[in-house]
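Taken from TrEMBL, the feature active site applies to Ser211, Asp237, His364. Summarising the annotation, TrEMBL assigns compositional bias 'Acidic residues' to 26-35. The feature domain 'AB hydrolase-1' is assigned by TrEMBL to 122-376. Residues annotated as region 'Disordered' in TrEMBL: 1-81.
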Amino acid sequence: MSDLQRAFARSHLARLPLDAPPVFDEREEHDESQDEVLPLPPESPNDSSSSASSTSSTGTIVPSPSQKLFERPKSSSIKSRSAPLPWDDFFAQSLSFQQRTPSENISHHAYLTPPTSSGPLIVTHHGAGSSGLSFAAFASEFLKLIPSAGVLSLDARGHGQTSITTSSGSSPSAPDLSLTTLAKDLAFVVNAAKAHMKWAALPDIVLIGHSLGGAVVTEVAHERLLGNALLAYGVLDVVEGSAMDALSSMDTYLSTRPRSFPTLASGIEWHLKSRTIRNTTSARVSVPSLLLESKVTDKWSWRTDLGATKPFWEGWFVGLSKKFLESRGGKLLLLAGTDRLDKELMIGQMQGKYQLQVFPESGHFIQEDQPAKTAQVVADFYRRNDRVGLVLPPKVDDLIKQGKLKPAEHK
């Protein structure tokens, strides 16, 4: 070796670290991370955008410069992100109410956290293809704000754990998902909960419905199916105009989403990566109720066949804006974008007929993407319409009896 080569080698060796680099061992990483739960990085406001329609909120994921795309993820981080959460982390009771008609037997399923003796009852109705657990994270946040309140969140027929059999014991070819039927179902579940809890009367009720559920709660209010117990109602991210426009693209959306998932965790991951749901906790509690494991293929497929509900799509939303504005009770409209307002609702907003709130950073599933903010808006909405907070002037007869007012003298 020449003197020049020796000098070159010495200069390079001097720059090397004194200790040898550690050897990467996947087994060691797996063992160390078994009990480690890593918090997810907060989302940048630029990572979320309003959904394109009231039917689907699936969007393109555009990574921000701060995201470490090539960093090797910890296995525990992935596991904690896609591990299912149990319903009883969010509700006190899981109930089934039996209803028998001449043609069918229905087992209505619902989740309930009862109110105190003086608290209101928030009744929620999910959208098409979802379940009562779509409002799980919202319920948890809402009860922090108004601890005396209760939340009743039902599974609509053909969804979640609600089941239907014909009078002969077989499953119906297709459930009746007409708006009238769904509205009557909601009223039945509310009154069944009253009987189960042995309430002397229904508490003050605030109805909150998302998408299809918004049309259902509006129908209940319009037909006065809960009578004077209904205090107010709110509709989440659905208006007649944009909903009707979105129906034309519904078939395309259904054809592009996966038909099944190899595992439950992969189903949760798909909802998060596609940004259908943008909140990890919400996805972990709500997605498991949307999927059903096949005993033949061991795959997880959709519990509700949305394509089979097509005959009812138009009937869900026709006349929604008019009924929303005309029905009695306080009114709340919570949207993911102002572009959804149709002409009738724009006029109603200018006339002050309802409260409007917009969450532009949310997708279509507002109550899942932004459960804390949604809960705050609904809590304020309830307080604004609370009957207890209304101070009425005393009656003249009462003032006379108390000696505080003299009766008028007749001449």
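Note that Cβ sites are derived from N, Cα and C of the backbone, with glycine treated the same way.
Other C-beta atoms found within 10 angstroms of the C-beta of Asp237 (active site) number 30, with every protein chain shown included. Between the CA atoms of His364 (active site) and Ser211 (active site) there is a gap of 8 Å, rounded to the nearest whole number. Recorded residues Asp237 (active site) and Ser211 (active site) have their alpha carbons 6 Å apart, per Cα-Cα distance.
Under the three-state DSSP scheme, Asp237 (active site) falls in the coil class. His364 (active site) falls within neither a helix nor a strand when secondary structure is assigned with DSSP, and so counts as coil. Its Cβ taken as reference, His364 (active site) is surrounded by 30 other Cβ atoms within 10 Å in the chains shown.
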